[in-house]
Amino acid sequence: MPAVKRKAAPTLGAKLQRRVRPRFEAEPDSDVEGSSDEAPSEEEGGGFHTGSDTEEEEEDEEIEEGSEPGSDDDSDAPSEHGGAGIDASQLSFGALARAQASLGALKKKKKKKGGDEDGSDDDEEKEEPNWKTEIEKGMKAKVEKHHRTNKHAPVETTSKKPVSRRRDFLANEPAKPKSRDPRFAPPGIGGSSGKSVVDEIKARKAYSFLDDYQEDEMKQLRMAIKKTKDANEKEELQRALLSMESKKKARARKDKERELLSEHKKKEKELIKQGKTPFYLKKSEQKKQLLVEQFASMKKSQVDKAIERKRKKIAGKEKKALPLARRTAEDR
């Protein structure tokens, strides 16, 4: 038979060093009876207590002793309602710790509620006067700042412009056409191109007497230029006279063009009656015939001056069209 080893019996010193849990008799009227009974039952289910459990109980006892005096008053509160006082020395350390933790949590909740109420009142008082500034800040933040990528680049602006909600085209009546003086209005307003030419010819014939008035004004200007001694005033009068003379020449040139076209149309109408095909003058042909008639009515010296003036004008245009001359060794 194999030898069976037995455990050695614990010595007296080991027995004395072992920590023993204090026992107490729970009162039936106490409210904490359930919690005190549950604590040993749970601990007894474990079989035995380790050293860590005893250390935790000692820490709870130290916390209880170092707690504020208000906690003792709170712990005695149930005794006042229950009628019978509870001896704290008879309660377990775990039950006292749980009771103390529950009371501390209640105090914290009350403090938080009071702080939140005070804070909300202060926030409302602070926010009331500053709501305008907050709105203005929000509006400024929405405004987009347009920047240029380069100082020479154009500013980039958004195309997302809001359309106005007002629609005035239904409320406002259309403007009625105003009466115009044909002397100052352009010919053929609201008509076709052919109609405008006819209206211009009619207006020119109807208001041909204005040419006589303009001739008188030009004579008065020439007299005023001779009499005035102020250089600035004399220059202004000369400009006015020059503009009137240029307008007179332009009107005379247009009148000649119309006469030339009207004569050509009359001849073509007679030829069409004879059964011939019509021939329409080009603008280049019209200019040639106008130049021939213009030189025919001028003297030889005037013709030479006009030809020289025209030659210089054409030479100047050709010179501008030429590229710039390059520098050569002789120019250096």
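Cβ atoms here come from the backbone N, Cα and C positions, even for glycine.
Across the coiled coil (212-274), the prediction's mean pLDDT works out to 91. Feature annotation from Swiss-Prot assigns coiled coil to 212-274; the stated evidence is sequence analysis.
The compositional bias 'Acidic residues' feature in Swiss-Prot is assigned to 27-45 (among others).
According to Swiss-Prot, the compositional bias 'Acidic residues' annotation covers 53-77 (among others).
Annotation comment: Swiss-Prot describes 117-127 (among others) as compositional bias 'Acidic residues'.
Residues annotated as compositional bias 'Basic and acidic residues' in Swiss-Prot: 128-142 (among others).
The compositional bias 'Basic and acidic residues' annotation in Swiss-Prot covers 165-183 (among others).
The compositional bias 'Basic and acidic residues' feature in Swiss-Prot is assigned to 315-332 (among others).
Swiss-Prot lists 1-91 (among others) with the feature region 'Disordered'.
The region 'Disordered' feature in Swiss-Prot is assigned to 104-196 (among others).
Residues 201, 204, 211, 214, 217-218, 221, 281, 286, 289-290, 293-294 of the same chain lie 6+ residues outside the region 'Disordered' (243-262) yet bring a C-beta within less than 8 angstroms of a C-beta in it. The region 'Disordered' annotation in Swiss-Prot covers 243-262 (among others).
Annotation comment: Swiss-Prot describes 312-332 (among others) as region 'Disordered'.
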Mind tallying the region 'Disordered' (243-262) by DSSP state, helix then strand then coil?
20 helix, 0 strand, 0 coil
